[in-house]
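Report on one structure; see the data block that follows.
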Amino acid sequence: MNQRRNASSKSQPTKPLITKNPDISKQKGYKSQKSNFFSSEKNIFTLCLAFRIANSLLIQTYFNPDEHWQALEVAHRIVFGYGHLTWEWRKGIRSYFHPLVFAVLYKVLALFGLDTPWFMAHAPRLLQALFSAVGDLYFYRLSNAIFGNFVAKWALFSQLANWFMFFCFNRTLSNSLETVLTLVGLYYWPCMRASPSKAPLVLRKWGLAIAALACAIRPTSAITWVYVGLLELAVTRDRLKFLILEVVPIGALVLGLSCLLDRLMYGSWVIVPLNFLKFNFLSSGGDYYGTHKWHWYFSQGFTVMLFTFLPFSIAGSIKSKCWKLSGLIAWVLIVYSIQGHKEFRFVLPMLPIALMFSGYSLSVMAKSDSDTRRKGSPNSHMKRPSKVGFAIFVLLATNIPMALYMSLVHQVCEIPHQLYQIQS
């Protein structure tokens, strides 16, 4: 009798992985459900790196002039002594922080005799592919810290399958590196965790340093970190210590190093964030490059970036009830909507957050399919089509053609082929 009872207890089904509680990581039996592949972050990073390298080599089209004139052309001038500098560099509204990343790469290529047209054209995007893979890994970590491993896997799928991430994330825009730093930084802020009080406060210092670095590279990143900082201020117990002993010294240190770097490169003292603020916000200088209606990010810009992931992101945002992340997206879109000049890339750091909600929605659908198969007959899965399977088909069938068309056909760039002809 005892043996029969033990056998029957072992055969009982385990508890579902997903419930209506957004803090999925706390559920019983959850830890043991990790697959072998996703139990190793090394495997996840290897997958993301291989994907992003292939992604970078498939990008053959033109998107935005800043990819070249605000990064690679400046880096080329630093290393090789010639190259055109646009008016922004004469007015001191750009920091040399970002171009120096690629200047170091160019210098290494030159030292090893690899400064050939092919390497000069492709190496910067391959380097950005490395940064993007790090961003993907921390995106997975952040999703895991907030929702648990099961949701994190679907969130990573959404990140890798989204057409705009494929099209833009590997480009040498400052927005791409800003997005990477945003994902890394958010992971280290306790207020973004499911249980902020349980996160070690030492993580917050790393989050502050990364946030300051993101602002040094792109001053408008402060829009994101003001929201996160205020949220942290609301949940932390040691507010005075947070402000005086962490925010002020870390922010001053990074700002000071940035000013010293720009002093060395410009030849005079230049406070880039102040000049950037004057031109883009106080004088609306960016309006010279075109303006859009106030609702553009909501009605066109951000919705196009999400594409067919949009309904899944909205559903995931509602079902997860993680309002601090939803609030972050809304805050950034609203603030950017105040400015007349709007671009897709400005809100790129918010796209992974929205795709995280899409991953949550897909995970709920996967759990529902699993429950249906478990409750029904052994052949019930053949009678009813899988909800999540149909969703995956729709997402891939729409995003893959879009990503390939925008990366290989639309506004294809012939510059590398011209360089090969010059070299020969």
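Heads up, the Cβ atoms here are built off N, Cα and C, so glycines get one too.
Remember, TrEMBL labels are computer predictions, not curated facts.
What you see is a predicted model, and the numbers here were worked out from it, not measured in a lab.
Residue ranges 137-162, 163-188 are listed, and TrEMBL annotates 163-188 among them as transmembrane segment.
Here the transmembrane segment (388-408) has long-range neighbours at 58-61, 157-158, 161-163, 166-167, 307-309, 312, 362, 365-366, 368-369, meaning same-chain residues at least 6 beyond its ends whose C-beta is under 8 angstroms from one of its own. As a quick check, the transmembrane segment (208-228) and the transmembrane segment (294-315) miss the bar of 3 or more Cβ pairs under 8 A, pairs 6 or more apart, so the two do not touch. Remote same-chain residues near the transmembrane segment (163-188) are listed as 52, 55-56, 59, 63-64, 66-68, 70-72, 98, 101-102, 124-125, 128-129, 131-132, 134-135, 138-139, 141-142, 145, 203-204, 206-207, 210-211, 213-214, 217-218, 221, 224-225, 228, 304-307, 344-346, 348-349, 351-352, 355, 398-400, 402-403, 406-407 (criterion: CB distance under 8 Å, separation of at least six residues from the stretch ends).
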